[in-house]
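So that we are looking at the same thing, I have put the structure below in structure tokens.
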């Protein structure tokens, strides 16, 4: 009997410790079907790897028992793939509750930001590029991948680590100090999958929701330039001001729905109702509809409970041989497209009060009988599209804040006001006529575009007469008496307009960061290919975080025919990570900056050999004589060969080198006050040399001004600052007598639009402002001009290059300087043709009369790098935070605060 008992005990022990004797399939079924709640306690440590069969296994990724101490805490942890060979994730199962977790994100990468058991995500997610694999929020059901589809991990190209990010919004559930083990379980297989899954994230980074505003639309759109992808699921995400999020594929003007959902419902990955394929040349478009009602101050994009988000996750699959695992869109390259968005995008989806949940960002109604502020009306209603001014702005094809200018002083200058009203009626009438005429022929369409452009230009001039005097104040410090040489002064009417027959607007390279003209008057473009400057690009010490992507594999320098926009030559592949400024010296050499490498390069335009000169240390930011920190532009004196570098985003200085690259001197300091002093900079962003005057002018971007200095003594000469610049000046270009500039996006409630400026260099006065007719300026990042009046502008958000020509009625007369008068020479009215290919000077930098040099990328305002926002924002340069806001391209706000003593 005793022997029998001993045998029974052995059998029980053996059975309890040898689950591996069960069928592998039954083990995985148990793994899939067993639901355990981790909202209040951790039930012990489970095996992270669970065998399923000879080819499949499950991987459990959980927080290791954490207790957040404050709301809006982001914790990260990592798990290494338990194999080196390639595998495929084919299923997900979340383990989390809305009572404790706001959302979870799962990333794949090759090296996590920390080796600790868990860490604060503010320290980073991964040291290389982080590819999002999965997202969950609000008690969402599991995501199911179609048969034959998997996320590729491991092997030579796949991720080696999984990094889990958990956002704990409201921590009231942790008053008992319990441990949380939220996470996700993965089902992986070693069997190759014919179709590879990926994630396309559409995300707004610069939306501002005014307090009390009933309806605010946030629109996102990008051209698709990859192999075909097949969309099978989507997920929407906002905080509690979001009412509805919609996503579409737009092909030949036709809108096809990808997904349409209320962000107040469980934020799962929902299957698309009908399969949607996206091909090269399509446009992906998304709209988030917000309300600012109930808020007492403006709401910005960010990661905290008082901020908002506008995200659309598109889950897709591609053929394995062409697969791309992660793509982002954080721009709006086609704002006019949204005029024809289907009405459903503006219709809230009814949400029952018991579906609205409580966590850090969303508050649940305690009494179900009470009406929730988030509850949508039961009847469908189309949200208002705005008042008369926004309607007028659509008819004009202009920004609403431009249309509002006539409200500055409605009682002043009644005659001009009546002219303005008549002109508005004219524009509306011509627009209506233009729509019908456009159907008749392409030639009529172009004629109508010209007509509309002329009408809009006249409208701007009429509107400007109604601005109060203080809006036209010029801040200009003139040269000291007795200084200077002769500078041609331009008077009269100088009008810049888009060359509507130039096809270069459709080139669509990557983010356009720099432009210049070569000695034969060809346009040279410096762009970023498939790389973007986003929230993952740099850490707090300005060290580039996406080195694992490798250099850009396509040609980043394009030589463009100024007449027909044909690509004449290309170069620069496998050299750069984040291109920035471009200029060209008198010998035709290219001078470029790379903000990821923190370096300046001199390149021979005619061959692919090694750079002729390199300044700075690769991937090493610094502020001494041998280092730069995100340098922005270069200028080379045509007479002496002296090199000037604007440095840059994290330094506030101009650095001078000899022609051979030997450090000579530097000047400038960071501006810390609202009224910066001469010689202080907040992002010196663009350079323009004026050789015959011995001056170097700097676009002091975040201070919204232009500063000019003597090149020999570095002495401050003058400041050019206009109210119409707004808060930013991004780029400048000089030709004899004229200075050209472009500004940046206005801040909330600012009135000044994004536009180009033509100024009389002698006195700094604005002669003309200009905008394109086709598309619009979103972030005009660089400008270059030639002596024949041709101007080119490159935009880093819309990836577009425009050509402008000038019609000029003017006098050229000398300015009396140093007590010497020069005879006046008057020219009759004439058209300056922009198609001339002749050499108009011995220099072709940004301006042909003196070497004016490259400009570079920009920032989006109102963007926070905290937690979730660090993951991927498109587009623009990651330069600043609300709390201390990249891009991909790409904000206008303060710089991120560098780590102390780093």
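In case you wondered, yes, glycine gets a Cβ from its N, Cα and C as well.
Dumping what TrEMBL says about this protein:
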- 1-20: signal peptide (SIGNAL)
- 42-181: disulfide bond (DISULFID)
- 76-121: disulfide bond (DISULFID)
- 109-126: disulfide bond (DISULFID)
- 196-340: domain 'Copper type II ascorbate-dependent monooxygenase C-terminal' (DOMAIN)
- 222-329: disulfide bond (DISULFID)
- 288-310: disulfide bond (DISULFID)
- 528, 649, 701: protein binding site (BINDING)
- 580, 685, 781: Zn(2+) binding site (BINDING)
- 582, 782: Ca(2+) binding site (BINDING)
- 629-650: disulfide bond (DISULFID)
- 697-708: disulfide bond (DISULFID)
- 867-902: region 'Disordered' (REGION)
Distance check, please: Cα of residue 109 (disulfide bond) against Cα of residue 649 (protein binding site), rounded to an integer number of angstrom.
28
Max Cα distance spanning 528, 649, 701 (protein binders), Å?
21
Quick one: of 288, 329, 580, 697, 708, 782, which recorded positions lie within 10 angstroms of residue 528 (protein binding site), measuring between C-alpha atoms? Sequence order, please.
580
Say you check the Cα of residue 782 (Ca(2+) binding site) against those of the recorded positions 288, 685, 697; which is nearest?
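The answer is 685.
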Determine the most Cβ-crowded residue among the recorded positions 76, 329, 582, using a 10 Å radius around each Cβ and all protein chains in the structure.
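Neighbour-count leader: 582.
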Among the recorded positions 288, 310, 629, 649, 701, whose Cα is within 10 A of the Cα of residue 685 (Zn(2+) binding site)?
649, 701
Give the number of CB atoms, excluding that of residue 685 (Zn(2+) binding site) itself, located within 10 Å of its CB.
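Result for residue 685 (Zn(2+) binding site): 30 other Cβ atoms within 10 Å.
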Any idea what the model's mean pLDDT is for the domain 'Copper type II ascorbate-dependent monooxygenase C-terminal' (196-340)?
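Within the domain 'Copper type II ascorbate-dependent monooxygenase C-terminal' (196-340), the model's average pLDDT equals 92.
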Which of these disulfide-bonded residues has the least crowded Cβ, counting other Cβ atoms within 10 Å: 109, 126, 288?
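Each of the disulfide-bonded residues 109, 126, 288 was scored; lowest Cβ tally within 10 Å is 109.
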Cα distance, residue 629 (disulfide bond) to residue 649 (protein binding site), nearest Å?
7
May I ask for the distance between residue 222 (disulfide bond) and residue 310 (disulfide bond), taken between their Cα atoms and rounded to an integer number of Å?
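Approximately 15 Å lies between the Cα of residue 222 (disulfide bond) and that of residue 310 (disulfide bond).
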Select the most exposed residue of 629, 708, where exposure means the fewest other Cβ atoms within 10 Å, treating these as the disulfide-bonded residues.
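The disulfide-bonded residues 629, 708 were compared, and 629 has the fewest Cβ atoms within 10 Å.
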